[in-house]
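Q: Among the features that TrEMBL reports, active site, nucleophile is placed at 232. TrEMBL lists 95, 96, 97, 98, 99, 100, 101, 126, 153, 179 with the feature S-adenosyl-L-methionine binding site. Among the features that TrEMBL reports, compositional bias 'Acidic residues' is placed at 630-640. Annotated compositional bias 'Basic and acidic residues' per TrEMBL: 645-661, in sequence order. Residues or ranges marked as domain 'SAM-dependent MTase RsmB/NOP-type' by TrEMBL: 1-341. As annotated by TrEMBL, region 'Disordered' applies to 367-394, 604-661.
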């Protein structure tokens, strides 16, 4: 490739200009942006300079404390908090990737840690197949049996069904998060390339998609349910205009909720009721009647505020919330809470069975909700050529196009039967309680040996069984057991998996070893410690256990306030004379810090003071843990047979106070 044709490459906020030219820093200025938002007056009078100054400053790092999870931008935490999640809620996250908000939803669903299987669940969707795997990665850290990741266009996400009292019923969601794709001009503080790329045409192009996604969301919302619509854009074309269009189409079925009291202390600006539309060339329009016909494909009537003052006042758009960067040192954000008061008008005119696909010959196209992108959309005209009489005299919209599936072909989700031969040895080895939900256990293969076993909640099992041909499922369930190569000689071919230990433990009545804080430190900092390294109580318990997979359980002592006051369950393996913990590296470090232990590592594995540190890869990743664990266990047993000390993890551990962690 010639030098003149080399692409510009972004690096750390700088752009490569060509050979010999070096890097050019992005200038955080955009005159069109300033002109546009000055004219719209979304910033209080006298604060615009402060607003622009804040937009040019780097975004401060914020952290949501949830174990060892990642950082998250402050304002992006707001939508899940406004949803008022309860453990029984069925939740849809329509545009979920990369997954930080999905993780919040899962945590809120599991707010009561004494309930391993909440009645509710989260279905997290994204249109991008590759981003779905990033979503899976985020969700798997929470180890929930109540999450399913699917891959669909949110504007035509399929209607799902489930069995209820022996009858197939439509699945309506109690809560929906509609965090739509947007121009992202509220993210300029962290995505600095937006300064160069910003133009009003971005909002004009996204407006229609945002409405279609939001319409599909409210169609699938249960009456009485809440849908939170949010963007990281400050533009009313993507914000109030979409909400106004939804409210107008709903004919009173939707209502904007007043969420001002839900987040006390949050500084925000109320939604606006008057705005104009500007082209990328800088031409302004105050009303649809002013728009030239040549621009009708770019500018739509729904981009303008309602012209009827009474209708506009009834919408209560001031209940929308716009967060400005300079008010509390955050990014820019918009959020609105919608409550569904009645079925949508294009559905409520017909009995419930019509929504299931049974309609008379004179029923219009809007009578049925299903797969078709036009289906259930009030903007679709009621014309005879849109109706089709099928062979069984059932009418409906044109047959939907066959769902296109992109990306990798996923392995199947196969539920085990209650009489599967896997269960008897597993049940005997772990002394599973009679109420253990065998029917919720699944595998990802139809033939051959089952390598891993997963568990989902009863409700997600219901959804999977009734919609396997209607949706593309990327991932669901939490891994509870992994096949151990030599496990059968110890009485069970499957060992416990750390990611599912908290889901499984309420049903396990054997193979449990109670340990102290000091025992936890030993197990997490040494590779294969001898049983004698444990405290006397744990040592005596371990001697009574046979070889194989075990649960290592720490229970808090309310009298010892310096120790962690939450229970800890670790997966372990009881060898002939040693014991080890099977815990992924990130979790291992998290638990050690909970115990007041800091772990350091560098490339050499040694500190300047000569103390040892954690080597790369000494703690296993969650994936592929089974095979590596088997090899390490065999290695440990060989060393024990030769009379040598099992090797220790090379950790440098320093005691710190809990305040410092």
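Residue 1 is the first one shown; counting continues down the chain.
Cβ atoms are placed via backbone N, Cα and C, with glycine included.
TrEMBL labels come from automatic prediction, so no person has curated them.
Neighbours and distances for these, please.
A: In the shown protein chains, 24 other C-beta atoms lie within 10 A of the C-beta of residue 232 (active site, nucleophile).
Proximity of residue 99 (S-adenosyl-L-methionine binding site) to non-local residues of its own chain (separation of 6 or more, Cβ distance below 8 Å) is seen for 124, 134, 135, 137, 138, 139, given in sequence order.
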Q: Over the span of the domain 'SAM-dependent MTase RsmB/NOP-type' (1-341), how high is the average pLDDT in this prediction?
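A: Here the mean pLDDT over the domain 'SAM-dependent MTase RsmB/NOP-type' (1-341) amounts to 89.
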Q: Inside 10 Å of the Cβ of residue 95 (S-adenosyl-L-methionine binding site), count up the other Cβ atoms and send me the figure.
A: 22
Q: Enter the number of other CB atoms within 10 angstroms of the CB of residue 153 (S-adenosyl-L-methionine binding site).
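A: Cβ-Cβ neighbours of residue 153 (S-adenosyl-L-methionine binding site) within 10 Å number 17.
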Q: Taking only the Cα atoms, work out how far residue 101 (S-adenosyl-L-methionine binding site) lies from residue 232 (active site, nucleophile), in Å, as a whole number.
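A: Residue 101 (S-adenosyl-L-methionine binding site) and residue 232 (active site, nucleophile) have their Cα atoms 13 Å apart.
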